[in-house]
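Have a look at the structure below, then the notes.
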């Protein structure tokens, strides 16, 4: 049941999810696979055109660095400077409950390793901005994977990350849409998996390309390798899909609404992130329990991080981006 929200919204960005740039500022701070250099234009390679002037990361041709240091506001230790291992366990209190199908899958080490592969995550802006971004990411993904209910022990918002597969993998559809660029592999299904419940071949393809894993051939990797699983969620979070900005840009104040956004009631704040993820289903028709659930997780995590919520938390009166 957890994958339904992303599955529905996936069709809204089928065309735009195949953005060409692979790395750097053009791809939300993503690093190139296999230690390749990231050129000033956001492409991966190993020649001087990629590793020379303007190179953004891994410019020595090794994963040890050599390029400009990504923006950082927390001593260079990224998300680990905001969420400790013990706090992670408190935030996702029941993720390893015996009743949760994903028990013992989503580890702190996998979370940190995946986040560090997207060096702009949790390192952009002042301390409050960085904390709010982390709270927003964990809130949205907690909603997508929640096992909670209204009267659940410790409250409904302590049951995030209970699921890792849509309907525990018991799905009828293969979620394959004909595509020459992202062809489906024989016998594979592309249903919702991981923290963001990534769905469909046209999302598995570019996500896998960005993180250096062939997810078209092996989509099950998203449900068997926790680091890969988290990376698909960070890819979605960091990657703009026109006309939508990236969730990262919204939560770090880098997104400015244009005229169409303003006319549609889309204003900076956590509510736009919900609109990006599942606006076609949840936004623009007044109060919605799913939006409220996303807000509930967000407020809990902000409280635990000691940061204010910011403005415009819901999308009740925002038109979806693709409407």
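Note that Cβ sites are derived from N, Cα and C of the backbone, with glycine treated the same way.
Just so it is clear, the model here is predicted, and its values are computed rather than measured.
According to Swiss-Prot, the active site, proton donor annotation covers 144. The disulfide bond annotation in Swiss-Prot covers 23-38, 32-44, 35-63, 37-51, 55-59, 100-162, 176-184, 283-315. Residues or ranges marked as domain 'Chitin-binding type-1' in Swiss-Prot: 21-61. Among the features that Swiss-Prot reports, signal peptide is placed at 1-20.
What Swiss-Prot annotates, mapped onto the structure for a quick look.
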residue : record         : contacts (Cβ under 8 Å, 6+ apart)
23      : disulfide bond : 30, 31, 32, 38, 42, 43, 44, 56, 57
176     : disulfide bond : 184, 188, 189, 190, 200, 201
283     : disulfide bond : 271, 274, 275, 291, 315, 316, 318, 319, 320
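Listed disulfide-bonded residues near residue 162 (disulfide bond): none (candidates 35, 37, 51, 55, 59; Cα-Cα distance within 10 Å). Among the disulfide-bonded residues 35, 37, 100, the ones whose Cα sits within 10 Å of the Cα of residue 59 (disulfide bond) are 35, 37, in sequence order. According to its DSSP assignment, residue 44 (disulfide bond) is in a strand. The recorded positions shown are 35, 37, 51, 55, 144; of these, the one with its CA atom nearest the CA of residue 100 (disulfide bond) is 144. Cβ-based neighbour count (10 Å, all protein chains) for residue 38 (disulfide bond) stands at 29. Put simply, residue 37 (disulfide bond) is 7 Å from residue 55 (disulfide bond) when counted between their Cα atoms.
Cα of residue 37 (disulfide bond) to Cα of the residue listed as 'active site, proton donor': a distance of 34 Å.
Residue 35 (disulfide bond) sits 11 Å from residue 51 (disulfide bond), taking the CA atoms of both as reference points. Within 10 Å of its Cβ, the residue among the disulfide-bonded residues 32, 37, 44, 184 with the fewest other Cβ atoms is 184. Neighbour count (other Cβ atoms within 10 Å of the Cβ, all protein chains): 19 for residue 59 (disulfide bond).
Reduced to three states, the DSSP call for residue 35 (disulfide bond) is helix.
For the domain 'Chitin-binding type-1' (21-61), the model gives a mean pLDDT of 73. If you count neighbouring Cβ atoms within 10 Å for each of the disulfide-bonded residues 35, 55, 162, 315, the highest count belongs to 315. A separation of roughly 39 Å, to the nearest angstrom, links the Cα atoms of residue 144 (active site, proton donor) and residue 51 (disulfide bond).
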